[in-house]
């Protein structure tokens, strides 16, 4: 069963205390955890009664405000302390509990103090639970005492889309968000999608855990976002616990949540709750003598030591709790606490000051230069001057039979992107082409060319084009966040395809492996021959009718051993079967070897028979740098040329030295000129990956060689110090999150391409002689060799027979008869 973060924190704190021999005089804390459904009072009551029967010193929780009164009532009846870590709507005095969560009335006052500090007169409250109307009492009473206009809106959807749109329509710019921690990221994301994460809006978030929410997409939008923080994750004490907590959490089966980093308030309060219990037990001086009683919800017999432990819990005080100083009043409420006032800056959430409960001047803003400083001029209904350059598919002249004027003359990816940004920010624009047709690079006299010069001279408000963000350009103009990430690549013509070769059936295995297989074959054949000679079980009687025959045969002659091994390797078998255990073991090992080897060979064979290799003279930038036969160059006065010119990488320095020394020049005035040289000359063109991909999608004779030589992005340029930049950035982020930029990319690159799926759509070609011709050669060679051997065998046998017949036809010499005489 997965655990919640609070459960893991509970166990973690218990383990920490039990490992500390100085706490509780060596006594051990034993825990029991019961998971209940949220807001199920009956189940909470049943679980609490079960725990009381075990004999407990205190009950911590539950985490649901709706279930807390039920458990609290049982603990009060049986005088068992109840330690709570969440807001409790029950305000009954003399209850048998202490609550580590800051007092709700105090938190409400802190929010009201911030509203008064910012001077808000029109405020919208967005909430998701009716509990908010109880917790924010001080804020709700404010309109009756002041001139503040308060609009209260309850979320109708999880992401708050409806109420956010209502706020946008009626001009509510000052918004208080009181939603659960789980819903908060969705509400903020929806506000971003609706264009409400700008400097026009100011939000106060009541959650104490905004610092643990991922705010990366909102940092650069000039949005005013304020919140309070109870747990300072940069505190040394918190950092110490956080290191161990992170390790424990990663090793536990925790229900995934929205935590970005750091400790959330519920986790810190649960950790502090265990230490408060220890402080109460040690303070009561009965840590060694306390006697736990098994209680029952039926007879309501109270615990003898409960009142004593509760009193010491209320007077317990922690100075170094994860949530700060912890001290309770006589009702067990935490009315003494300190909150950090946080505001979102470009660098992240930044501390503005503190709010201290119980002080006459509770709000103390120490950095007034940051508070509410996101105000910039509005772009709505303004007309911006936009400079651009003709570059497919970013900006192109629109083809039409009618005369087109103004912005209607152009189309392309950048034009569509500009339309989307203008729709979000509400501005109008006028487009003109840069006079010199260049992107922008520094000249020898220190001046700049192209669109960069137009921005420097403030003749244009925006430069919308595939304008590369570079260090040298950032020195004189500002860029938005990149709307596209690219890198320098090599464009070259498609190389000729070559067949794999007639003996490609040998390619699945290297020559070393073929040699090892041959040696293994000879070794196995030899071992079989030797073992068959040694083993008595391989010798058999060829005449079973004569069991007493002394004539024995052995089937594993040297040739038979080799024939058996080759038959097994070819998976064809033979009539020879091993009889002895030793030869069978060798045969089994050989069969296993051939099974794996043949399976591996077969698996790779198809690829080697069908692949048509592309023989290209260059495969990378290193190949280009090592040769001089193929010329290569870049677009003149572009970012790619600047990259090679300023690079300190040896390979790129060598390439720049080659390019700058060539006559005629290898630099081109346009991308089209570079492509034409690639197709008609022995030339490689260096350009950004996006443009390379666009043209290779449309011309099947072009291809990209190698990977990215660097990494950079295209951004929208603005004059240096322009307030427009951040607005453009937040609009780009919004479009990226909504998937609009990817849709535009697909429209102009993928959907209009012709060659992007060439290899995928090409049907598998039939195997020809060039692919499998070597197999026929092996077959013919086998036939020829077989015929030759047969002829040799015939001649050999004929001669042997002739000699034997000659020997048989020669008459034997007649024997001499001798007579022995007798004397």
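Backbone N, Cα and C define each Cβ position, glycine as well.
In TrEMBL, annotation is done automatically, which means it is predicted and not curated.
Checked against TrEMBL, the range among 543-565, 566-588, 589-611, 612-634 recorded as transmembrane segment is 589-611. The annotation in TrEMBL ties 466, 468, 473, 640 to L-glutamate, and of the candidates under consideration, 420, 681, 688, the one tied to the same site is 688. Looking up the ranges 747-771, 772-796 in TrEMBL, the one annotated as transmembrane segment turns out to be 772-796.
Residue ranges 493-512, 513-532, 653-672 are listed, and TrEMBL annotates 513-532 among them as transmembrane segment. Counting other CB atoms no more than 10 Å from each candidate's CB, the recorded positions 618, 700, 755 peak at 618. Residue 618 (site 'Crucial to convey clamshell closure to channel opening') falls outside any helix or strand according to DSSP and counts as coil.
Here residue 473 (L-glutamate binding site) is compared against the recorded positions 618, 645, 700, 755, and the shortest C-alpha distance is to 645.
If you measure from the Cα atom of residue 645 (site 'Interaction with the cone snail toxin Con-ikot-ikot') to that of residue 466 (L-glutamate binding site), you get 20 Å. For residue 473 (L-glutamate binding site), the number of other Cβ atoms no farther than 10 Å from its own Cβ, over all displayed protein chains, is 24.
Each residue in the domain 'Ionotropic glutamate receptor L-glutamate and glycine-binding' (393-457) gets a DSSP state, and the totals come to 24 helix, 13 strand, 28 coil.
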